[in-house]
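Novice: I grabbed these lines from Swiss-Prot:
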type     : residues                           : note
MOTIF    : 97-104                             : motif 'Cysteine switch'
BINDING  : C99, H401, H405, H411              : Zn(2+) 2 binding site
BINDING  : D131, D206, E208                   : Ca(2+) 1 binding site
BINDING  : D165, G197, Q199, D201             : Ca(2+) 2 binding site
BINDING  : H175, D177, H190, H203             : Zn(2+) 1 binding site
BINDING  : D182, G183, N185, L187, D205, E208 : Ca(2+) 3 binding site
DOMAIN   : 342-390                            : domain 'Fibronectin type-II 3'
COMPBIAS : 450-461                            : compositional bias 'Pro residues'
COMPBIAS : 483-496                            : compositional bias 'Pro residues'
Amino acid sequence: MSPRQPLVLVFLVLGCCSAAPRPHKPTVVVFPGDLRTNLTDKQLAEEYLFRYGYTQVAELSNDKQSLSRGLRLLQRRLALPETGELDKTTLEAMRAPRCGVPDLGKFQTFEGDLKWHHNDITYWIQNYSEDLPRDVIDDAFARAFAVWSAVTPLTFTRVYGPEADIIIQFGVREHGDGYPFDGKNGLLAHAFPPGPGIQGDAHFDDEELWTLGKGVVVPTHFGNADGAPCHFPFTFEGRSYSACTTDGRSDDTPWCSTTADYDTDRRFGFCPSEKLYAQDGNGDGKPCVFPFTFEGRSYSTCTTDGRSDGYRWCSTTADYDQDKLYGFCPTRVDSAVTGGNSAGEPCVFPFIFLGKQYSTCTREGRGDGHLWCATTSNFDRDKKWGFCPDQGYSLFLVAAHEFGHALGLDHSSVPEALMYPMYSFTEGPPLHEDDVRGIQHLYGPRPEPEPQPPTAPPTAPPTVCATGPPTTRPSERPTAGPTGPPAAGPTGPPTAGPSEAPTVPVDPAEDICKVNIFDAIAEIRNYLHFFKEGKYWRFSKGKGRRVQGPFLSPSTWPALPRKLDSAFEDGLTKKTFFFSGRQVWVYTGTSVVGPRRLDKLGLGPEVTQVTGALPQGGGKVLLFSRQRFWSFDVKTQTVDPRSAGSVEQMYPGVPLNTHDIFQYQEKAYFCQDRFYWRVNSRNEVNQVDEVGYVTFDILQCPED
């Protein structure tokens, strides 16, 4: 084995599925949001052989000898029967989940010997998938690391910040590292070899269905099963159920049995539902209230209106416009679709597709054989869809494979090895002797005698027991809701700022008007904040000049350094980002993440500081460093490297080397020395419409 650069699990699928002969060619539809392409067997083989280094560009033609030679190389590498033909076994191997690094030839590499030079490796779980409870995800990652610590001197310690060696992230599509995911059943995950910055990090595609390899894991609340997960399928009144149901209840609250036979065992719990609670937000875990009013319109279900990140939310009072209380709706992972253009939404049955009614998931219209459903009653009209739940991918096994790459391992050519390119589910011990030889070549054996790695995931995931009253039948309604939001949930917006804004200035005699140049200026919580050497003033524009301060920055944001370069607040999530040198701090209310290095955002070493930020709406922000800028995604907290632009071209008339770039009252300000240039965007054209003094014209200081 040899270390290589990022390792990407890929699921390639054929353009046609096995089916009985039909009198006519089946209709294949282009589904909105679907990145899969329909390929013939030969096209698939040519693309596969080229992508993984078995053929060259010039050979991608009708040259049968080149194709046969490439197939033999592939078959030899993957320990397949060496026929040189595009046979069934070879095609199945090409369809299987696997890493995307070439098997032959060179790939872009990082510098160094690509191993860690310390034995205590730290890791940080930056965010979570909604497919599994957080404690189950924590456990899966811990067991995946234990696979490698069992046979080496390495130890793995969880930390809670970006200083970690290995940062674990769930993301979708373009997530900031230049290796985008491509939706359901495409790229599963990738990892980078050991080293600084992004090296060592592991990313997982959040459009996949993450399970323990045997179907969805649905935690229960209340009932009489002490929080045990649902058991699918289960029997109720002689009928089999493979998802949560509202049958037997008059309040339409979904429930499930936690054993295979409710009729015999009578053990049950309630499935995640907005009827029980809404998570995160500022609604204190209370259930959704339907109908509720938002922007004058009545809503009787959860909605994504008003949000650009696709999260479903609801009001926890009857009038959001008045009370501003909300939460995010729990995802029904037992029935929620993945991928497509409606991830997280449940299937709607029956639905209309090409004029025909469907009451179950179908393969019709697809060339890859995957089951799908509409998430509205009429696909022909609404074009809303997703893939139906399946067994999913074992987060434990995929993580163990990816962490092998994060430790410096390349792929194995032994089919039984964990580091073999293709993913396969197993409940046995994941490590093969080839894996052990590879990792011990890098780090040596564990000093204890003959340790054994973990053998299998637990039969039941750890869960949090419900605090509600026990009940005896699913026909009975729970008498109390949960006391707070569940552990799992989106990372979306708490709306509250710090618990208390300071009201008493440090030194009221310290006049803001005597400051010539500020360290940073930013609009935060509807006030324009002026930062200088560990202090700040708040300014609001109204009748007369209204300035409060100075206040000590650590009294509001304790982790911040004395000198700031820039800051901004995201209007959707209410997260506040502070930049100083090559570091960034992210505050959500009183909670902070950081300092993080700028390279974790995707900004290279040439970016020595972030000199300003302009929110663009929709969770996007322009980050500036002198004469360059990049588009920053607040949700993934990464920049799009392809978005780099020139300030001179985008904002003509603005001087060189500006600082304190900020947005105020929907206009952009570029400061240089004591002056500012205000930019107004009319008809998508940026024009300087005002030049003035920061103190005299913005702060309305008197001219002495």
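The count begins at 1 with the first shown residue.
Positions of Cβ are set from backbone N, Cα and C atoms, glycine also.
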Novice: Under the DSSP assignment, what numbers of helix, strand and coil residues are found in the domain 'Fibronectin type-II 3' (342-390)?
Specialist: 4 helix, 16 strand, 29 coil
Novice: Using a 10 Å cut-off between Cα atoms, which of these binding-site residues sit near N185 (Ca(2+) 3 binding site): D177, D201, D206, E208, H401, H411?
Specialist: E208
Novice: Please average pLDDT over the motif 'Cysteine switch' (97-104) for the predicted structure.
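Specialist: Mean pLDDT, the motif 'Cysteine switch' (97-104): 70.
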Novice: Counting only residues 6+ away in sequence within the same chain, which have a CB under 8 Å from the CB of H203 (Zn(2+) 1 binding site)?
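Specialist: Set apart from H203 (Zn(2+) 1 binding site) by at least 6 residues yet with Cβ under 8 Å, we have I168, Q169, F170, G171, H175, D177, Y179, F181, A189, H190, A191.
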Novice: Rounded to the nearest Å, what's the C-alpha distance separating G183 (Ca(2+) 3 binding site) and E208 (Ca(2+) 1 binding site)? Just drop the number here, would you?
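Specialist: A Cα-Cα distance of 7 Å.
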Novice: Quick check: with D131, D206, E208 left out, which same-chain residues have Cβ atoms within 8 Å of the centroid of the Ca(2+) 1 site Cβ atoms?
Specialist: S129, E130, F170, F204, D205, E207, L209, W210, T338
Novice: If one measures from the C-alpha of D205 (Ca(2+) 3 binding site) to the C-alpha of D131 (Ca(2+) 1 binding site), what distance in angstrom results, rounded to a whole number?
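Specialist: One finds 12 Å between the Cα atoms of these residues.
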Novice: Counting distance between Cα atoms, which of the binding-site residues D165, G197, H401 is nearest D131 (Ca(2+) 1 binding site)?
Specialist: H401
Novice: Can you tell which of the binding-site residues L187, G197, D206 lies nearest to H401 (Zn(2+) 2 binding site) in space, using Cα positions?
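Specialist: It is L187, whose Cα lies nearest.
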Novice: According to DSSP, collapsed to three classes, what secondary structure does C99 (Zn(2+) 2 binding site) have?
Specialist: strand
